[in-house]
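Per TrEMBL, the features are as follows:
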BINDING   His209, His307  substrate binding site
BINDING   Asp226, Asp237, Glu363  divalent metal cation 1 binding site
BINDING   Asp237, His300, Glu332, Glu363  divalent metal cation 2 binding site
DOMAIN    143-370  domain 'Peptidase M24'
REGION    91-132  region 'Disordered'
Amino acid sequence: MIQVWTGSVSTTALAFVRSHIPARACGAVPMASPPSPRLLCALLGERLGALSARPLLRTAAPGRGNARVTCQATRTLSSLVDALFNRRSRDDSLENNPRRLRPGKVSPRLTVPSHIQRPPYVNSRQRPQMNDGPEIHDEKGIECMRASGKLAAQVLKFAGTLVNPGITTDEIDKAVHQMIIDNGAYPSPLGYCGFPKSVCTSVNECICHGIPDSRPLEDGDIINIDVTVYLNGYHGDTSATFLCGDVDDEAKKLVQVTKESLDKAISICAPGVEINRIGRTIQDHADKFKYGVVQQFVGHGVGKVFHAEPAVLHFRNNEKGRMILNQTFTIEPMLTIGSTNSTIWSDDWTAVTEDGSLSAQFEHTLLITEDGVEILTQC
């Protein structure tokens, strides 16, 4: 039987995905190609290179007799959504884009002084899973989250000042790495499921999880820089999209609307609020400008662990769950001008739009308070 996409993700389907796919390294957790979520966080999802070509959502494991989702139906519906709602036509494809992003040379992994506390996954041979429970903190934990969030925000602000034509993303990575360790923290992406760098740098059509390399930024590029720091046993996770040089109005508008969608989603957060309102708020705003909302990567709980429940979907959904006092999680919407479907490079990390169209992202770590919400990752 074919399950028709109705605009929501079934709880059973998400449970299947969570049980089969670990979380990624840079901020976002992976979900599958729309409409089926793969459970990807915005930092770095699990090793999905080999999985990216497979149908990633079934409502149950084989042999249990539950309904199944066919890959063909999913792709047809997804393509229809792109054709109806996204601004850029298929004619503006990779072949017609002379600035198409291509891999550069990746330099050796940077070192971290031995006295700096490492997250448990750094020296573990096991891939970290997405923790089942939410991150709820006592007063001491909240203060630690504020400290890690503040440092992450300061590092991101500094990284943004480096964005200029001619600088390489590898140079940005080295500068970010140095600032993090100078402040006694560990760069959370480094070594997470084998991620080779200390920050994610996603340029132009890169949706998320871009690996810093030798490619120089060009005049007119946009770049998302995703920073996560591990300080005193707690992760602070944030990202922003920056303009490089003289950026055209189309790209500027995408970046502006993406930031607005995050701000609007944050504004509705408070104890007891349904988490699915986040996705509805983001999608409503994106639809006004005919932008696509990436469904493959989602926000996540964050705190003592890098990726925890809940999976924060950035699109309309009927997932259950409410925000809890003293809970911390990220919201990190990714909007596109064209297709919301992604292609994963052979490095198993870099996710780019399949049609080469621009993508932008913003992210904050949030704390649910009695009065509503506190943004932990702002200076």
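Glycine is no exception: its Cβ is also placed from the backbone N, Cα and C atoms.
Not measured: the values here are computed from a predicted model.
Among the binding-site residues listed here, namely His209, His300, His307, Glu332, Glu332 has its C-alpha nearest to that of Glu363 (divalent metal cation 1 binding site). Among the binding-site residues Asp226, His300, Glu332, the ones whose Cα sits within 10 Å of the Cα of His307 (substrate binding site) are His300.
A separation of roughly 8 Å, to the nearest angstrom, links the Cα atoms of Asp226 (divalent metal cation 1 binding site) and His209 (substrate binding site). Of the binding-site residues His300, His307, His307 has the largest number of other Cβ atoms within 10 Å of its own Cβ. Around Asp226 (divalent metal cation 1 binding site), a 10 Å sphere centred on its CB holds 30 further CB atoms from the protein chains shown. His300 (divalent metal cation 2 binding site) sits 10 Å from Asp237 (divalent metal cation 1 binding site), taking the C-alpha atoms as the reference points.
Taking all protein chains in view, 32 other C-beta atoms sit within 10 angstroms of the C-beta of Glu332 (divalent metal cation 2 binding site). Distance noted between the C-alpha atoms of Asp237 (divalent metal cation 1 binding site) and Glu332 (divalent metal cation 2 binding site) is 10 Å. Within 10 Å of its Cβ, the residue among the binding-site residues Asp237, Glu363 with the fewest other Cβ atoms is Glu363.
Note on the domain 'Peptidase M24' (143-370): mean pLDDT across this stretch is 98.
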